[in-house]
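Let me begin by presenting the structure, written as structure tokens, before commenting on it.
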């Protein structure tokens, strides 16, 4: 596992959407963190939301502004290995979660980052550190 700052976080899509909708507490937490990360699958989900919005230019601009204050994390062969382990456990347990969320969880585990989310299904992944803002 890779190490990051002790006050660093990985953001899930729902947290960023709430940030975009003006939830001040999230902006404060990002400002006060060492480094805030966004995994590539989350960025893809954000762009999908912008593409399907009636306010595409506005939402795309929000994403571009966010990218100036966060760091992007990409996948690796280690991510893929962790992904396979997580997905297998969830399937065997009969508790699947959305595909992108398996990737997001794998990246949080690989980089040893707490995942900030409001999605309860992440609690099914025992080795994942979670935070709610």
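Any Cβ shown, glycine's included, is placed from N, Cα and C.
Record features, source TrEMBL:
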type	residues	note
BINDING	12, 101	Mg(2+) binding site
DOMAIN	7-124	domain 'PIN'
Tell me the Cβ contacts of residue 101 (Mg(2+) binding site) under 8 Å, same chain only and six or more apart in sequence, or just say none. 12, 119, 121, 122
From the DSSP assignment alone, can you count helix, strand and coil residues within the domain 'PIN' (7-124)? 73 helix, 12 strand, 33 coil
Within 10 angstroms of the C-beta of residue 12 (Mg(2+) binding site), what count of other C-beta atoms is obtained when all protein chains are considered? 25
Segment-level pLDDT (mean, integer) for the domain 'PIN' (7-124): 97
